[in-house]
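Written out below as structure tokens is the structure these notes cover.
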């Protein structure tokens, strides 16, 4: 914790004349973006009639990129750097079509060119380059193998044999031990509101607060980190200066506000290759500047939409260089540029503005796309016109995910955002330590097999007596399963301590953390994969006779059950309670462990597209799932087992307790258009009603909404050239369907597409 030693006085923002009409005092003397928003934004409860189409300049840029996307698809990557490591100011200015761009800035020196981040791990860089026909420069490789230790090297130099074993077996997968951990949301709004000079001075004050007579090890670490943050802000000023902009001062019009904010986000993506580089909650903030300029006659509605369209274009072309193994886990080239839109204020006012509409309207002006990850903070108290507009966009684009604002606002307030997919955090106040996820069906199999891996036969967990009976007995299985979860939670948390210690040491996100409060609160995220499989397996063991099929070594490799059980996803309390129980049990085991830097432990139920990989790594399970069969995504019922209709499936998932799964509960929902009604207005009304029912204050936390027919996806598989922008929601994010592997496309097709409510 930071320790205040002396009164440093109050810093006052050096305001441009442009700020004279802005209201409020607190935000002027300290960094408090929420206070600025609450004092100055204009809630909007009207419809979408004011929206404008794309300008000629915007269409020209997008058309040029569309042609480049085709080439990128053929090559795998359009272009990649092989020598110069990424840094905030590593490159000079780059453009798509300079004369047409009203918002500028690229990650490298050319659009779609991917940079390299060897400080995270040189092996990953080398493998990714080689996968696409590039070779890592020999001097760069020598530097990061001989002179500069990487995050990945640091982690593996400390990993225990047990940690290596759980990683190899797949009982824990997706750990950020070779790439940027991501899920850190810089408060990028601070740059246009305060300018870099003010933020640098605030950080220098934080250094002074740590000028104490008796330094602790923690104090020394804080001093170094804050010093690095100051250096990152100074590099940011140089980066923007190369484009001809002076970001040392606050923005003085709407265009500068958008540009400054984008520059801040861009700098973060130059500094890190995090698995999720979320944007935050920016639309209501930017609306203040846009509406001011429109009211003063210096900006038209068409120009306002152009600013947003071109901002979104830039977010759509954020790229990172990934290995084929990474792409198996996180398919479709996602960057999780998650923007949280809407929600309600704690004072009862809607936070929906005209710019909330403008953001979603880009899905029409530019066509559907996975990025940025448009996330609506749904409230049943929001204006009906907004809720119906969102439903319309979902029906027509399948590009939006929804999160329950009425559920999260009591804990996180009204200035939180979603990191990655489903993880809420207070913007600029909290950061997440990403922790991937544990494979609970495999943990259950370890409980049956005495800690041996059902695929390899290796003794991964500590050895204890396996279950040897011909038929599984529920109480015995639960006792062993609880013991195995206890072990798994321990090795999981210890592994994460190593990863995040080394990340802070060798690949610290100095710029993103410079846009947080100096004394940031940390959240240690963990995750569960396969919850529905475990619930179904336990239901089968409890309610039917499950016979164990063993190999010659006595290892349980398959199961037969006599009788029927009700799977998770059919609104059956008896089964649904099993899912709740398992989630609580694992979270309670996690809570018992010390965390890195006193972070608050949380967990999510989320798989991304790794549900296919998890399936490959996991043997047959007592529920009837075959060996190597994909898991269901996130908190979804197993594919095809939710047979009682959409509302029953939604009801089952809504029972999962957010207080024990506070990092998010991902549910990916698909429904056929005709199931919502024959006509557009009826479909909009029915989807709105469905969302209202799911997002009660004590209801579901997250919902991906897909509205499509199976025939559409089948045609896209056979004729991908006809569907370059076909976007679908998967576990926690969106993806171009044609970018998925054939195996992943088939997995999507196997999921339940509800034909009735």
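Cβ atoms here come from the backbone N, Cα and C positions, even for glycine.
Positions annotated as domain 'PFL' by TrEMBL: 8-626.
Residue 420 (active site, cysteine radical intermediate) falls within neither a helix nor a strand when secondary structure is assigned with DSSP, and so counts as coil. Around the Cβ of residue 420 (active site, cysteine radical intermediate), the same chain contributes 182, 183, 275, 276, 278, 336, 338, 434, 732, 733, each under 8 angstroms and 6 or more positions distant in sequence. Residues or ranges marked as active site, cysteine radical intermediate in TrEMBL: 420 (among others).
Within 10 Å of the C-beta of residue 421 (active site, cysteine radical intermediate) we count 29 further C-beta atoms, all protein chains included. The active site, cysteine radical intermediate feature in TrEMBL is assigned to 421 (among others).
The domain 'Glycine radical' feature in TrEMBL is assigned to 633-757. Averaged across the domain 'Glycine radical' (633-757), pLDDT for the predicted model comes to 94.
Sequence annotations record features per position, and here TrEMBL assigns glycine radical to 732. Classification of residue 732 (glycine radical) by DSSP places it in coil, neither helical nor stranded.
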DSSP-assigned states of the domain 'Glycine radical' (633-757) in counts, ordered helix, strand, coil: 52 helix, 19 strand, 54 coil
